[in-house]
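What TrEMBL says about this protein:
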- Glu49, Glu88, His91, Glu190: Fe cation 1 binding site (BINDING)
- Glu88, Glu139, Glu190, His193: Fe cation 2 binding site (BINDING)
- 107-126: transmembrane segment (TRANSMEM)
Amino acid sequence: MTAPMVDLSIHHQPRGLSDRVAFGFTKVLRWCADTFFARRYGHRAVVLETVAAVPGMVGATINHLHALRRMRDDRGWIRTLMDEAENERMHLMTFIEVSQPTLFERMVIIAVQWVFYVGFFVLYLASPRTAHRVVGYFEEEAVISYTHYLAEIDEGRSANVPAPAIARAYWGLPDDATLRDVVLVVRADEAHHRDVNHSFANELADLPTQAVAECPPHRSLEPIWKHAA
Ligand SMILES: [Fe+2]
Ligand SMILES: [Fe+2]
């Protein structure tokens with residue numbers, strides 16, 4: 001399998017107040033995450049993926065309600081955002097096989113979910129453009145963090161354990177795939193979300209949309225009635 005390539009240099013230069021607020025907010029949260037987790041990348045991945053799976057579902061919900069109210073087509077945004085939420089949830093299901101959160105981290109996850117879900121919902125209602133820009137910047141940081149995680153594995157500070165079965169099934173990885181292969185596909189997913197969200201923000205700001213990095217192929221999750229057969 002060839003490793004998915006990711007353009008690490010992509011950064012949306014903040015323009016105007018909305019972008020600056022989104023960028024500043026992201027940098028504050030980055031500082032908090034760096035302080036809290038330091039180099040515990042497995043724990044960092046688990047806790048932050050519980051947050052990363054929220055915005056797509058919020059954006060999908062609000063766009064869905066908007067389409068119903070206005071009786072207008074969504075131009076594929078709802079499906080795109082729901083796919084993002086599902087993909088982020090699969091990151092969580094993968095990393096929970098690698099690292100288990102501490103009791104304190106579980107408490108943080110619960111508290112953060114309350115605050116972040118409600119806060120992001122209100123932000124999306126007030127300014128969808130800022131909300132998508134926030135996610136674009138979060139994903140820029142995710143790409144950086146997973147690049148650090150790769151270095152951690154390559155330099156032997158994190159064991160390159162076998163890839164969890166759920167990750168092999170979801171991304172169609174070979175039987176001998178390792179954590180390193182998983183981090184590579186996850187990072188490529190994050191680059192895809194980064195570009196999608198910056199593009200959505202650009203569209204809402206009447207700026208030219210940008211190229212979107214491909215996400216690595218993965219299986220879509222089957223509805224439960226298919227499992228029952
Ligand atoms: Fe993720
Ligand atoms: Fe992400």
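The backbone N, Cα and C atoms fix where each Cβ goes, and this holds for glycine too.
What TrEMBL annotates, mapped onto the structure for a quick look.
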residue : record                   : Cβ neighbours (10 Å)
Glu49   : Fe cation 1 binding site : 20
Glu88   : Fe cation 1 binding site : 26
His91   : Fe cation 1 binding site : 25
Glu139  : Fe cation 2 binding site : 26
Glu190  : Fe cation 1 binding site : 27
His193  : Fe cation 2 binding site : 27
Between Glu88 (Fe cation 1 binding site) and His193 (Fe cation 2 binding site), the C-alpha gap once rounded to whole angstrom: 10
Chain-mates of Glu88, Glu139, Glu190, His193 with C-beta within 8 Å of site centroid, Fe cation 2: Ala52, Glu84, Asn87, Val135, Phe138, Ala142, Asp189, Ala191, His192, Arg194, Asn197
Sorted by sequence, non-Glu49, Glu88, His91, Glu190 residues with Cβ within 8 Å of centre, Fe cation 1: Ala45, Leu48, Ala52, Ala53, Asn87, Arg89, Met90, Leu92, Ala142, Val186, Asp189, His193
Close binding-site residues near Glu139 (Fe cation 2 binding site), where close means Cα within 10 Å, chosen from Glu49, His91, Glu190: Glu190
Within-chain partners of the transmembrane segment (107-126) [C-beta distance under 8 Å, separation at least 6 from its ends]: 47, 50-51, 54-55, 58-59, 62, 101, 134
Cβ under 6 Å from ligand 2: qualifying binding-site residues of Glu49, His91, Glu139: Glu139
Between Glu49 (Fe cation 1 binding site) and His193 (Fe cation 2 binding site), the C-alpha gap once rounded to whole angstrom: 13
